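Under the heading domain 'FtsK', TrEMBL lists 18-194. Marked as ATP binding site by TrEMBL: Gly36, Gly37, Pro38, Gly39, Ser40, Gly41, Lys42, Ser43.
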Amino acid sequence: MRSTERPGAARYRATAARCPFLPYLGGSPTNGVLVGGPGSGKSTALLGIAEALTAWEDVAVSDIDLGSSGAGLDPMGDAIQRCATGKAAAEILLRDALSIAKARPRLFKKLGMGRNWQPSPSHPALVLLIDEYPALVAAGLFPLVSEIIRTGRKSAVTVLMAAQGASKDFLGAADPASVPLRIALPCQGQDVTRLMGTGAIAEGWVAHRLQPAEGDNPRDASVCYI
């Protein structure tokens, strides 16, 4: 992984190694947002994250995708615990995840976990990868995601929301800047501002200048701002 430091910004080139921006870090669950415009490699990035997460014995990964016309995380096969491509199935999956998030704190003392859930192969962290997030917002399911974000971190139940842009539809009822982990692939300037905050571009968050791969020219393939 290559890191180029700028004032207030971090630019990364991902590798197959454990990247420090995954939604789950060795017992430190994190909610996240990933934005990448058409051709940015967003789907490939999600697939890479899923491959890394499913390689860990103490993480269970679920996939929600209400708007994609591609294969999504299908190549992962049974490595993905649960998948939902329709509204009804997505609502069930989200409600189940929320129930787990709310129930786990009652087990902290019994299982000797202290103040936070301690993931293990028998008690794994749960990560929900949500692609084409605006479709989920349009389906009226954002309140469930919002509650998971609010209550799930201590229970090791987290989400990574992905979209082609940080539009108002993407924001739903909450600014994605309130989510600690923010990843910007090649996107528009307005996406950078909405994702990273006012003044972010002046501070060096310039994901809108990244150039997606074209033909045999990799250009800025695999590069993102975090």
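Cβ atoms are placed via backbone N, Cα and C, with glycine included.
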Which same-chain residues, if any, lie at least 6 apart from Gly37 (ATP binding site) yet have Cβ under 8 Å of it: Gln164, Gly165, Leu185, Pro186, Cys187, Gln188, Asp191, Pro212
Cβ neighbour count (within 10 Å, all chains shown) around Gly41 (ATP binding site): 22
Neighbour-count leader, CB within 10 A, binding-site residues: Ser40, Ser43: Ser40
Averaged pLDDT score, the domain 'FtsK' (18-194): 87
Cβ-based neighbourhood (8 Å from the centroid) of the ATP site, residues Gly36, Gly37, Pro38, Gly39, Ser40, Gly41, Lys42, Ser43 excluded: Gln164, Leu185, Pro186, Pro212
Number of Cβ atoms other than its own within 10 Å, given for Gly36 (ATP binding site): 26
Winner by Cβ contact number (other Cβ atoms within 10 Å) across the binding-site residues Pro38, Gly39: Gly39
Number of Cβ atoms other than its own within 10 Å, given for Lys42 (ATP binding site): 25
